[in-house]
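A single structure is presented below for examination.
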Amino acid sequence: MITQLQDYLAKTYGIHFNNPALLAEAFTQASYVNEHPHENLKYYERIEFLGDAVLQLFVSEYIYRRYPELPQGKLTRLRAAMVCEDSFSKFAKECHFDQYIRLGKGEEMAGARNRASLLCDIFESFIGALYLDQGRQAVEQFIQTVIFPKLDLGWFDHAVDAKTSLQEFLQRNGDVAIEYDLLSEGGTENDPVFEVEVTVDGKKVATGQGSSKKHAEMEAAKHALEKLRMDK
């Protein structure tokens, strides 16, 4: 299975491990080690510990540089959305890491291969093994392929307000003028409705409604992001 994993990593990501034992350790659960007591095997927990720290650092550094206007609180929320069990388990599935985990028979029968917590652990342990084997640059190349493009796909929009996401999306290739114009104000005193239009370099992109001008602007930005991503 580890040989197959090596072939898969080489073919898919151009990754060639110098020390296959690190890769084997990263994809081995304790239950497998317990069922093979005479093979002197190691399981992933120590490497996972390292991988978690590496991911925290690299993701923190990336979003710090990418979002120079984002305050500390919003950076923290964005990092928390990117560096979490839900995200890592999805990345692991996308990378097909679930197919290469070495599990004990009991854990296999219990469906551990699809367990989010295990997939998260395996993703972290792989990063730890890659860092030990090949260093910072290899890890950065991998996460630039697997993690960071998800920012442009809207995976983490819930952690950053839509206006910030729209600004970052549009200004990657240079400055553009983004304006929010109030189109109408209606409803009742207890249930007001505001409608706002967002324009980019003078061109109308989308509108949004909300119970306040701020909420309407957020909705307009959200709709603009959805439209621009579909058109991309």
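Count begins at 1; order follows the chain as displayed.
Positions of Cβ are set from backbone N, Cα and C atoms, glycine also.
So Swiss-Prot says this about it:
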{"type": "DOMAIN", "residues": "6-135", "note": "domain 'RNase III'"}
{"type": "BINDING", "residues": "GLU48, ASP121, GLU124", "note": "Mg(2+) binding site"}
{"type": "ACT_SITE", "residues": "ASP52", "note": "active site"}
{"type": "ACT_SITE", "residues": "GLU124", "note": "active site"}
{"type": "DOMAIN", "residues": "161-230", "note": "domain 'DRBM'"}
Could you give the Cα-Cα distance between ASP121 (Mg(2+) binding site) and ASP52 (active site), in whole Å?
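Given the Cα positions, ASP121 (Mg(2+) binding site) is 9 Å from ASP52 (active site).
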List every residue in the same chain as ASP52 (active site), at least 6 positions away in sequence, whose Cβ is under 8 Å from its Cβ.
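Spatial neighbours, sequence-distant, of ASP52 (active site): GLU124, GLY128.
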Other than GLU48, ASP121, GLU124, which residues of the chain come within 8 Å of the Mg(2+) site, judged by Cβ distance to the Cβ centroid of those residues?
TYR44, GLU45, ILE47, PHE49, GLY51, ASP52, PHE88, CYS120, ILE122, PHE123, SER125, GLY128
Pick out which of the binding-site residues GLU48, ASP121, GLU124 has the most other Cβ atoms within 10 Å of its own Cβ.
GLU124
Would you list the DSSP helix, strand and coil counts for the residues of the domain 'RNase III' (6-135)?
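DSSP composition of the domain 'RNase III' (6-135): 95 helix, 2 strand, 33 coil.
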Quick one: DSSP breakdown of the domain 'DRBM' (161-230) into helix, strand and coil?
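With helix first, then strand, then coil, the domain 'DRBM' (161-230) has 27 helix, 27 strand, 16 coil.
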